Amino acid sequence: MSEKKIDSIESAIEDLKNGKLIIVIDDEDREDEGDFIAAADKVTPEMVNFITKEARGLLCVAVTMDRAKELQLDPMVQRNTSQHETNFTVSVDALAEGVTTGISAFDRYMTIKMLADPVSHADNFSRPGHIFPLRAMDGGVLRRVGHTEAAVDLAELAGSTPVGLLCEILHDDGSMARLPELLKIKEKFDLKLITIKDLVAYQMKRKKLVARAVETSLPTRHGDFRLIAYEACCDSQQQNHLAFVKGDFSTDEPVLVRVHSQCATGDIFASLRCDCGNQLASAMQQIEKAGKGVLIYLMQEGRGIGLINKLKAYNLQDQGFDTVEANEQLGFKADLRDYGIGAQILQDLGVKKMRLLTNNPKKIVGLEGYGLEIVERVPIEIAPNSVNLSYLETKRDKMGHMINCSCNCSGVSQQDNHTQQ
């Protein structure tokens, strides 16, 4: 991607302030698409007509979680199986003078305008309709690297109500427009084109998801660490997260890093259903041996579904569902974790380059999306036991984890597994 063809975030914000459209593209490892984005309170009927003619995608409006609650924009479905967890709500039309079927450029403009108007309320909209609201995650692109969050962040940065209009751009033949076509559209209509990656970097410098709360020393059976607790700034649940730090990160030498999500059953009670406790112990031991490193402990129990739902998933697994199917039966994706908070903690600690302890390739993509450089993946090799072998095979076969599940599990006793902890 030519840097000369990508505009600065500042220039795009200025255009949004002036009521212009911009093009926002994401990473080729994600959707590899471009969207027209505008501040919703600056939209005109002419702009809506232009977008429907030139973009050809689905006209959506990104709103904050709070705004969605205010307008009673409930999820479109209770069980979201969207590939990228796009958070659609029920579609709406404005109930306003001059609005007829809801589909005309003027009608859709009125709906967009009213979604952005702070004085609008739930009764101002009919359901379903022709505009598709999307709920952006609190924390914006620092929590989820998607066009939905980018639209809300950019509208707010432009001084507008944090509500953004967005629409995927399609090629003339109906296929998704990729970078070469998007650059032609940029030149043809004199539009700014930016990347979500650059927006993430911009927001990382100005917006905090976490703040240091307290720091202390913590001797453990795996070694001595500095323990730093972080408070979440943008999380409605106000969760705290931990960093176990060893050594100094002031040099450019890559740091050994483990980003570990909470697993109370495995980390504390040595559950044999998973390998989490063993991975935690192994990571701390490897960091101690290296003499320098950090373990980030994120409160994302059950791959993000929470402890109660994880235990419900265990019951489903006992009925024959695998770990992915159990999550889906409960209405969740296989993995709901986000790594934005972990990325900000690493940035706060001064980590620039890392050797990442993980078996999960999505974790690599997730962290790199926040501008962190991963120079090496360091595997965590834990021997399966007779209880968790099927679970690990599912993570390998369905979730892409790089795990060697070949072992003589008949020789792995519960005592052996506890000893590894």
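Placed from the backbone N, Cα and C atoms, the Cβ positions cover glycine too.
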What does Swiss-Prot list, out of Thr323, Thr394, as binding the same GTP as Arg258, Val259, His260, Ser261, Gln262, Gln279, Glu301, Gly302, Arg303, Thr358, Lys363?
Thr323
Provide the number of Cβ atoms within 10 Å of the Cβ of Asp335 (active site, proton acceptor), excluding the reference atom itself.
22
Residue from Asp35, His147, Cys276, Asp335, Arg337 whose C-alpha is spatially nearest that of Thr358 (GTP binding site), among the recorded positions:
Cys276
Helix, strand or coil for Asp35 (D-ribulose 5-phosphate binding site)? Use DSSP.
strand
Considering only the recorded positions Asp35, His147, Glu168, Arg303, Asp335, Arg337, which fall within 10 Å of Cys263 (Zn(2+) binding site) when distances are taken between Cα atoms?
Arg303
Tell me the Cβ neighbour count for Glu301 (GTP binding site), meaning other Cβ atoms within 10 Å of its Cβ, over all protein chains shown.
19
What subset of the binding-site residues His147, Glu168, Arg258, Cys274, Glu301, Arg303 lies within 10 angstroms of Arg337 (active site, nucleophile) at the C-alpha level?
Glu301, Arg303
